[in-house]
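Participant: Encoded as structure tokens, here's the structure I'll be asking about.
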Amino acid sequence: MEQYHGTTIVSVRRGNQVALGGDGQVTLGNIVMKGTARKVRRIYNGKVLVGFAGSTADAFSLLDRFEAKLEKYQGNLTRAAVDLAKDWRSDRALRRLEAMLITADRDTTLVITGNGDVLDPEGGIAAIGSGGAYAQSAAKALMENTEMAPKDVVEKALTIAGELCIYTNTNFVIETLE
């Protein structure tokens, strides 16, 4: 059976604000199965934002594990992400998971990759998923040439990705932290 795939998740940080957004499309092969999925969430009492791309079941499995790590490390995003990455690399079942996460709190944005890497993106911009390159390019241009708020940059970047990537729609969920 084919895997569910395709989405765009993008995060932008400027000053004391961070925004994380994603589209709502879930695709199975060349069929849109759902257009209103919620791939961006607030976790850890609303203090951490997380967005996921990749296989839906795998992403939920990772999200559950990440939430447990946040609890274990009392909300320390970096320690939770690194510990999740260690598990991801060393556990046979986890190594097979096909998903990626972007996580953000008030101070830090991290990308947790399908290889178990934890990346701190440059320039306050991170994007993943099938439309990630489009969204990241758009966000970078907007951040360098406008004074738009992070939420507005995320919305415009997702709109552009939705126009270019067939696996991305324009039903957005955008969350912010200040």
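Just so it is clear, glycine is given a Cβ too, placed from its N, Cα and C backbone atoms.
Here's the feature list from Swiss-Prot:
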- Thr7: active site (ACT_SITE)
- Gly162, Cys165, Thr168: Na(+) binding site (BINDING)
Participant: Tell me the Cβ neighbour count for Gly162 (Na(+) binding site), meaning other Cβ atoms within 10 Å of its Cβ, over all protein chains shown.
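Facilitator: Its Cβ shell of radius 10 Å holds 21 other Cβ atoms.
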Participant: Roughly how many Å lie between the Cα atoms of Thr168 (Na(+) binding site) and Thr7 (active site), rounded to a whole value?
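Facilitator: For Thr168 (Na(+) binding site) versus Thr7 (active site), the Cα atoms are 5 Å apart.
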Participant: Where Cys165 (Na(+) binding site) and Thr7 (active site) are concerned, what is their Cα separation in Å, rounded?
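Facilitator: It is 9 Å, counting Cα to Cα.
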Participant: Taking the Cβ of Cys165 (Na(+) binding site) as the centre, count every other Cβ atom within 10 Å, in any protein chain shown.
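Facilitator: Its Cβ shell of radius 10 Å holds 21 other Cβ atoms.
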Participant: If you measure Thr7 (active site) to Gly162 (Na(+) binding site) at Cα, how many Å is it?
Facilitator: 9
Participant: I'd like the Cβ neighbour count for Thr7 (active site), meaning other Cβ atoms within 10 Å of its Cβ, all protein chains included.
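Facilitator: So the Cβ neighbour count for Thr7 (active site) comes to 30.
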Participant: Residues near the Na(+) site, Gly162, Cys165, Thr168 excluded, by Cβ within 8 Å of the Cβ center?
Facilitator: Thr8, Asp23, Gln25, Ser130, Gly131, Tyr134, Leu158, Ala161, Glu163, Leu164, Ile166, Tyr167, Asn169, Thr170
